[in-house]
Amino acid sequence: MLFAWAPFPALLGLADSCCFVVPRSEWKALPSECSKGLKKPVRYVVISHTAGSFCSSPDSCEQQARNVQLYQMKQLGWCDVAYNFLIGEDGHVYEGRGWTIKGDHTGPIWNPMSIGITFMGDYSHRVPAKRALRAALNLLKCGVSEGFLRSNYEVKGHRDVQSTLSPGDQLYEIIQSWDHYRE
C-alpha cells in the first residue's frame with residue numbers, strides 16, 4: 001500500500017516532484033494543529049536524530065513516525081510532530097510538517113528559518129543505513145529543484161545550533177562531509 005499515494009503528489013505540494021515522500025495519510029498521522037508557514041526558499045536545514053528506536057521496514061517506520069508524533073503532541077503539547085521530514089532506515093522519507101510549515105525542531109531562533117530533518121533512531125554509536133542517507137540527500141536535492149530550498153542552502157547539525165548530542169556522533173561525522181554542510 002506504500003505506493004497508493006503516488007497519483008496525488010499535488011496534495012503534498014509536490015506536483016511533478018522528484019521526491020519520494022510518504023505522506024502523513026500513509027503513516028496515519030494525527031491531524032496537524034500547526035499553521036505558521038515558512039518563507040521560501042529556506043536557507044538552512046538542521047539534521048537531527050530522534051535518539052529513540054530504529055526502524056528498517058515501512059511498517060516499523062510508519063509506527064515509529066506515529067510514536068514520535070504522539071509523544072510530541074500528547075506529552076509535550078506541540079501542535080504536531082516537530083520535524084518537517086523524518087528519515088527511516090527503510091530508505092523512505094516520511095512527511096512531518098512538510099516544506100511549508102514551520103517546525104519545532106531547534107528552538108525559536110532556528111525554527112522559522114530552517115527545515116528540520118530527523119533520522120529515526122539513535123546514531124551516537126552506529127551509522128544510518130546507506131539507503132537512509134541517500135533518501136535524505138535526494139530530499140535536499142529535490143528541495144532545491146522544487147524551490148523550497150535555496151541553491152546555496154546550508155546544512156547544520158542539531159548540535160551546531162543548540163546544546164544537544166543530536167544528531168549523534170556517527171551521523172554528525174557523516175553530515176560534515178556533505179557539500180552543503182557549514183559549521
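Here the Cβ of each residue, glycine as well, is placed from N, Cα and C on the backbone.
Sequence annotations record features per position, and here Swiss-Prot assigns signal peptide to 1-17.
Residues annotated as disulfide bond in Swiss-Prot: C18-C142 (among others).
The feature disulfide bond is assigned by Swiss-Prot to C34-C79 (among others), with similarity to another entry given as support. Under the three-state DSSP scheme, C34 (disulfide bond) falls in the coil class. Proximity of C34 (disulfide bond) to non-local residues of its own chain (separation of 6 or more, Cβ distance below 8 Å) is seen for C79, D80, R97, I101, K102, given in sequence order.
Taking H, G and I as helix, E and B as strand and the rest as coil, DSSP gives the domain 'N-acetylmuramoyl-L-alanine amidase' (40-168) the counts 41 helix, 30 strand, 58 coil. Swiss-Prot lists 40-168 with the feature domain 'N-acetylmuramoyl-L-alanine amidase', giving sequence analysis as the kind of evidence.
According to Swiss-Prot, the feature disulfide bond maps to C55-C61 (among others), an assignment based on similarity to another entry. In sequence order, W27, C55, L86, G88, E89, D90, H92, Y94, M120 constitute the residues six or more apart from C61 (disulfide bond) in its chain with CB-CB distances below 8 Å.
Annotation: C55 carries the greatest number of neighbouring Cβ atoms among the disulfide-bonded residues C55, C142 [cut-off 10 Å, Cβ to Cβ].
With a 10 A radius on its CB, C79 (disulfide bond) counts 16 other CB atoms from all the protein chains.
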